[in-house]
Structures are given as structure tokens and as C-alpha cells.
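As recorded in TrEMBL:
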- 43-64: transmembrane segment (TRANSMEM)
- 80-213: domain 'SLC41A/MgtE integral membrane' (DOMAIN)
- 120-143: transmembrane segment (TRANSMEM)
- 155-182: transmembrane segment (TRANSMEM)
- 194-219: transmembrane segment (TRANSMEM)
- 225-246: transmembrane segment (TRANSMEM)
- 258-277: transmembrane segment (TRANSMEM)
- 293-436: domain 'SLC41A/MgtE integral membrane' (DOMAIN)
- 351-368: transmembrane segment (TRANSMEM)
- 380-399: transmembrane segment (TRANSMEM)
- 419-444: transmembrane segment (TRANSMEM)
Amino acid sequence: MVVTQLSLEFRFQGKKLRGFSCELTRSPHGILPEPVLTTTCQVAIPILLSGLGMMTAGLVMNTVQHWPVFKDVKDLMTLVPPLVGLKGNLEMTLASRLSTSANTGQIDDRQERYKIISSNLAVVQVQATVVGLLAAVASLMLGTVSHEEFDWSKVALLCTSSVITAFLAALALGILMICIVIGARKFGVNPDNIATPIAASLGDLITLSILALMSSFFYSHKDTWYLTPLVCVGFLALTPLWLFIAKQNPPIMKILKYGWFPIILAMIISSFGGLILSKTISKHEFKGMAVLTPVMCGVGGNLVAIQTSRISTFLHMWSTPGVLPVQMKRFWPNPCFIFCSSEINSVSARVLLFLVVPGHLIFFYLICLVEGQSVTNSKIFILLYLVAGVVQVVILLYLAEVTVRLTWHQALDPDNHCIPYLTGLGDLLGTSLLALCFFLDWLLRGRANLQELVSELVSVPP
């Protein structure tokens with residue numbers, strides 16, 4: 001399908017027409033092209049800002065891991081990735097939905113805008129409350145499997161802290177996303193490029209801070225046995241109010257009917273990443289895991305969320321749910337086509353992949369400046385770290401193309417179904433690959449030290 005855009009500019013002097021100019025733009029790819037430089041600039045700045053937020057979150061996690069509550073309640077560390085991952089399951093999904101609504105002109109009308117915003121916020125609060133509770137349950141189950149001690153007071157603390165953290169973080173980030181998307185629409189910036197990274201820029205930091213403060217507060221009042229159950233029930237009791245608000249927009253209510261499976265499965269996937277984190281974070285050979293995990297997971301999650309949102313917008317604008325465009329008919333496309341073709345989505349994939357290495361180098365350098373003693377700066381580790389970052393993003397960008405095609409073919413909205421899976425998988429991949437980097441670096445350095453010791457012993461005369 002060829003798209004043609006005609007732009008007319010009229011010049012008036014008073015009420016008299018004095019001239020006009022016209023510009024004709026044709027695109028053979030089914031969508032008007034966005035210049036590579038424009039895409040790069042719009043994506044790079046939010047990604048850098050989000051990286052600073054994730055870096056700060058890593059420094060916060062490196063500090064709070066030594067707090068008494070995190071040492072006593074081991075499952076709290078398992079809870080970090082699924083709770084932080086809620087920004088991918090909920091806020092990034094919300095940002096993607098709102099970006100699609102903005103790009104298709106649905107929020108230009110004031111009444112329609114209010115209905116879309118209020119119902120979307122209400123749905124996010126319902127999902128955050130329920131998934132926050134389920135994340136705590138999943139962490140407890142994983143802790144039980146790994147032979148952690150079971151204590152009812154710790155169960156209540158974990159569940160309450162998780163529900164409050166999910167609720168407050170979702171509310172704050174949801175309001176922020178609404179302001180960003182509406183502002184981007186007014187200033188002519190594509191919200192697909194900036195909304196999801198900005199959601200992540202403060203998401204990790206806000207979520208970790210709320211979790212640390214809430215869990216510490218309830219831990220200091222653990223003798224008041226009724227406090228944690230009472231607060232948890234109070235937040236759960238607000239759910240009917242959010243359901244009533246969400247019912248004002250029937251299309252959004254479909255998310256509550258059919259959108260639970262993606263976010264719950266994504267939460268479970270992230271929980272396994274949390275289990276890896278909790279098992280490695282206190283070991284000497286994995287020193288620096290706490291600082292680098294939010295950055296590694298966040299960069300991959302941000303980039304794949306941007307790509308997924310862009311592909312979803314492309315399909316909403318130029319196709320019908322259940323019908324894939326001719327160039328996207330194959331469910332499992334050739335990776336070369338995804339990264340090396342002239343298609344609009346392939347160009348954006350290359351731009352996003354190009355940002356991985358420079359972004360990680362900048363964040364790693366800043367982390368070393370601020371927290372140099374907590375991170376190894378060996379050349380072997382830096383190389384392994386960069387390779388892991390590229391591998392993570394390549395896998396996620398390819399899977400983004402595959403999952404969006406499969407989802408659209410089933411007449412489902414990729415904004416609601418794909419981003420949770422991909423960000424959850426990004427957390428698991430990021431944590432696993434980062435742990436592997438630390439392990440390989442420890443092995444290689446140990447082998448080098450052993451060879452030096454052997455050579456010294458051989459060189460010593462008898």
C-alpha cells in the first residue's frame with residue numbers, strides 16, 4: 001500500500017490570499033517515514049534519562065540490601081524484579097495504549113479524552129492491586145521451594161508492602177504517563193518514542209523507594225500484629241471503586257476480562273529473575289549485581305517496549321485486527337529482514353540496537369564514578385557485559401516482531417498483550433545474562449590468577 005500526504009500552506013495579507021505552496025510526500029511502505037535522525041534524537045534523550053533513573057535505582061538497591069528488613073525477610077529481594085517489572089506490565093502498557101490513542105486522534109476531543117484517561121487509570125489500579133498481591137504470593141512460594149523459613153508475620157509484611165508499593169507506584173506513574181502523552185501530542189512529538197522510556201526513568205526508583213520505606217515501616221511495627229492485615233485489606237477494598245470507574249468505557253473493560261493472563265505470566269517470569277537475584281546478590285563473586293541489575297533489565301525492557309509500541313501503532317493505523325499487512329504475513333520472519341531491510345519497523349529496530357552499547361557504556365561509567373568499589377571494572381567483565389546487553393536486546397527485538405504478529409493475527413491488541421511478556425522476559429534474560437557475566441569473569445580471573453601462581457612457583461629455584 002502506497003501512502004500519499006499532501007501538505008498545503010496558504011499565505012494571507014489581511015483577508016486576501018496572496019499565495020500558497022504545496023508539498024507531496026509518497027511512501028511505498030504503507031506509512032509516512034520518520035527520519036532516522038528524528039527517531040534517534042526522540043529515543044536517545046528519554047533512554048539516557050531513564051538510564052539515569054535506573055542507575056539511581058541500582059544505587060538504592062545496593063544500599064537497601066543491607067537494611068535489617070531485607071536481611072531478615074529474604075523474599076523481599078525476590079519481590080524486587082516482579083514489582084519493578086510492573087512498569088512494563090502496567091505503566092508501559094498504559095503508555096503504549098495512550099500513545100496509540102493519541103496517534104489515531106482519539107484523545108483530541110475533550111470529553112473522549114477524559115473518559116479514556118479515567119478508565120485507563122482505574123484499570124491500572126485494579127491490575128496493580130491484584131498483581132501486587134500475586135507477586136508476593138509467588139515470592140513466598142519460590143522461597144518455600146528453596147527451603148526458606150515460613151513465618152506468618154513475614155507473610156503479612158510481604159503482602160502488604162507489595163500491594164501498597166504496586167498501588168502507589170502505578171498511581172504516580174499513571175498520572176505521569178497521561179501528562180507526557182498529552183504534552184507530546186500538543187508539541188508534535190511521537191509519544192511512542194518518549195512515553196515508555198520516561199515511564200521507566202522514574203519507575204524503578206519510585207517502586208524500589210516505596211518498597212524499601214513501606215517494608216521498613218511495617219518491620220519496625222511488627223509487634224502490632226493487626227496493622228499489616230488491616231492496611232492490606234483496606235487497599236484491596238478500594239477495588240470495587242476502580243471497577244465502577246472503568247465501566248464507563250466498555251472497550252477498556254475488555255482489558256479486565258481478557259488482559260490478566262499476560263501480566264500474571266509476565267509477573268511469574270520476572271519472579272524467576274528475582275529468585276536468581278536473591279540467590280546471587282550476597283555472594284562475593286557476584287559483587288555489583290545489585291547496582292547493575294536495574295540497568296541491564298531496564299535498558300532491554302525500554303527498547304523492546306518502544307519497538308512494540310511503534311509496531312502496534314503501525315498496525316492500528318494501516319490494518320484491521322486479525323489481518324496482517326502483506327510484508328508481515330510470516331509469523332517467524334527471517335532475522336535479517338527484521339534488522340536489515342528498508343521497512344519502517346526494521347529501521348527503528350536498527351536505531352534501537354545502535355543505542356545499546358553507547359548507552360551501557362555511559363551508565364557503567366557513571367556507576368563506576370559514583371559507586372566504584374561496588375562494581376568490578378576489569379576489561380573482561382566490561383566486554384562480557386556489553387555482549388550480554390546486545391544479545392538481550394537482539395532477542396527481545398526479534399521476539400517483539402514475532403509476538404506482535406501472532407497477537408494481531410488473533411485480533412488481540414499488542415499494546416495490552418505483548419509488552420508485559422517482553423518486559424518480563426527482559427527481566428529474566430537481563431538477570432540471567434548479568435549473573436553469567438559475573439560468573440564467567442570470576443572464572444576467567446581465577447584461572448588467570450592460578451596461572452600466575454603456577455608460573456611463580458615454577459620460576460622459583462629449588
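From the backbone N, Cα and C atoms, a Cβ is placed for every residue, glycine too.
Just so you know, TrEMBL annotations are computer predictions that nobody has curated.
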Please determine whether the transmembrane segment (351-368) and the transmembrane segment (225-246) are in contact (criterion: at least three Cβ-Cβ distances under 8 Å, sequence separation 6 or more). no
Verify whether three or more Cβ pairs under 8 angstroms connect the transmembrane segment (225-246) with the transmembrane segment (120-143), leaving out any pair fewer than 6 apart in sequence. yes
For the domain 'SLC41A/MgtE integral membrane' (293-436), the number of residues DSSP places in helix, strand and coil: 119 helix, 0 strand, 25 coil
Three-state composition of the domain 'SLC41A/MgtE integral membrane' (80-213), taking helix and strand from DSSP: 118 helix, 0 strand, 16 coil
